[in-house]
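Swiss-Prot annotations:
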type    : residues                                            : note
BINDING : Gly7, Ile8, Asp9, Thr10, Cys11, Gly12, Lys13, Ser14 : ATP binding site
Amino acid sequence: MYILFEGIDTCGKSTQMELLTQKHPGIITTHEPGGTAFGQQAREILLSDSLRSKRAELLLFLADRAEHYEEVVEPNHDKIVVSDRGFVSGIGYALANGDFDFDELVALNRFALKDHFPDRIILFMTDMETLKQRISEKELDGIELRGLEYLLRVQEHMKESILKLGIPHLFIDATDSIENIHQSILTYLKV
């Protein structure tokens, strides 16, 4: 089973992945970008926000996604693989950047993922107040420097994309307690 934990920065995905693997050590965890050797190099470029072209940024994310799928997800198709981010983030950020068509983005991601979208998606949804508080506690990367409104637009595009695609999903209130969120995830995944 291939599962995505999706959401904007500081929404609690990584914390929940840690809790899930503590409870179920057999689960394979990974992340995009950066879940492969190539992905780590791509991640450095992407987080530096040094690319002027949003198309180049999109293509680098897609190259990472294709490599990640082939190197991590596909060989473990008989196991539970949980990725901190994936194609939904890619579509959400691309739509927030403007000048991209949803159907085109879906087609490009289908190609990168060999036509294998995740079996389930968990989207962590936050609000302006929580985002502002959590962002203030960390050093910002190039993408986070685009602003809070930008990040919340990305989040809305993620939600809309999941609904349009009809992939089984759970929307989580990321402002809830860590324990309540964890319990909701366990119940949804039935693990």
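Glycine is no exception: its Cβ is also placed from the backbone N, Cα and C atoms.
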* Within 10 Å of the Cβ of Gly7 (ATP binding site), how many other Cβ atoms can be counted across all chains shown? -> 28
* To do: Starting from each candidate's C-beta and looking 10 angstroms out, tell me which of the binding-site residues Ile8, Thr10, Cys11, Gly12, Ser14 has the most other C-beta atoms.
  => Ile8
* Asked: So around the ATP site, Gly7, Ile8, Asp9, Thr10, Cys11, Gly12, Lys13, Ser14 aside, which residues have their CB within 8 A of the centroid of those CB atoms?
  -> Phe124, Thr126, Ala174
* Asked: Would you say which of the binding-site residues Asp9, Lys13 has the most Cβ atoms within 10 Å of its own Cβ?
  -> Lys13
